[in-house]
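Going by TrEMBL, these are the annotated features:
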type: ACT_SITE; residues: ASP97; note: active site, nucleophile
type: ACT_SITE; residues: TYR236; note: active site, proton donor
type: ACT_SITE; residues: HIS290; note: active site, proton acceptor
type: DOMAIN; residues: 17-133; note: domain 'AB hydrolase-1'
Amino acid sequence: MTVHFIHQRSSDPNAIPLLLTHGWPGSFYEFHEVIGPLNNPQGKSNISFHVVVPSLPGFGFTSPAPPGWTLNNTADLFDTLLTEVLGYPSYTATGGDWGCVVTWALHNNHADHVRAVLYTGLIPQMAPNYDDLKSDPRFADKVDSLSEAQKQRLRDNTLFTTNMFGYFIEQSTRPATIGLALYDNPIGQLSWIADLYLHGDPLMGTPPSTLLNSTILTSVSLYHLTRTFETAANVYLQNPGTFVPVMRHAANSVPMGFAEYLYEVQYYPEFYLQEVGNLVFHSAHERGGHFSALDNPPAYVDDIRTMMGRWYKP
């Protein structure tokens with residue numbers, strides 16, 4: 001398999017190796033605003049990173065995933081990239097969307113190399129809704145301690161699966177149908193993909209957001225010009241049952257962080273995340289949504305720097 005990746009080393013010999021993993025309909029390009037600040041810190045912080053940004057199999061310039069391939073295999077591949085190809089004996093990992101699934105697999109299956117992980121917006125499961133938590137004796141009292149806004153966000157967790165799940169079902173069952181139908185249709189791809197970019201922060205494109213119309217056009221162009229719209233959609237079919245409404249539990253005590261963005265499609269209370277893994281860091285941001293590295297680059301960078309700077313141990 002041919003793997004495309006960005007490898008931007010810092011001039012700091014003590015920089016922390018960092019793997020950033022995208023999802024769908026993202027790409028390596030969604031991290032272009034944060035690589036520089038992570039490489040070369042400005043201001044008071046002196047924590048810097050050697051940044052590695054691969055393209056998932058079937059996305060961009062990476063080979064399509066072969067039959068039977070899952071994101072667990074991708075995690076194994078990326079671990080090999082970091083440790084054997086690039087020579088980092090240990091590293092940190094961050095991901096959202098399908099990138100959180102890769103990060104979860106690294107978190108649980110490669111603790112010998114992965115020293116800390118940060119999930120941005122999502123973990124690989126559907127978030128619980130208000131009624132789920134109120135009926136669970138572990139969480140009922142804790143739900144009462146949430147603000148009214150947080151309780152409403154719990155209730156709104158069902159909106160994603162009722163109002164926005166069409167693309168997910170199509171790509172999980174018949175990716176070739178939509179993939180081939182739009183294969184040579186850039187306007188069709190723009191319509192299919194841009195809809196998901198536009199459902200997020202209502203202040204998209206105003207600082208600190210860098211998610212502009214031109215950003216969306218560039219992202220869609222990567223799918224069209226590399227002829228990967230159909231192969232990228234296959235990630236849904238090849239990873240069934242990944243986002244299910246069942247609490248996951250980490251297999252180890254690797255330090256775990258979670259960055260919450262107000263306009264993400266799912267909301268997990270902090271007390272819930274504490275049951276998922278060794279949660280040592282949690283942040284909540286009033287700006288940003290599903291594409292956090294574009295929606296709120298300063299917060300994205302600060303969270304990585306705070307989390308990894310505190311918990312990375314070579």
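Backbone N, Cα and C define each Cβ position, glycine as well.
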Tertiary neighbours of the residue listed as 'active site, nucleophile' (same chain, Cβ under 8 Å, six or more apart): HIS22, GLY23, TRP24, GLY26, GLY121, LEU122, HIS290
Per-state residue totals over the domain 'AB hydrolase-1' (17-133) - DSSP helix, strand, coil: 40 helix, 23 strand, 54 coil
Secondary structure of HIS290 (active site, proton acceptor) (DSSP, helix/strand/coil): coil
Around the Cβ of the residue listed as 'active site, proton donor', the count of other Cβ atoms that are within 10 Å: 21
Mapped DSSP class for the residue listed as 'active site, proton donor', helix or strand or coil: helix
Average pLDDT across the domain 'AB hydrolase-1' (17-133), rounded to a whole number: 97
HIS290 (active site, proton acceptor) CB neighbourhood, other CB atoms within 10 A: 25
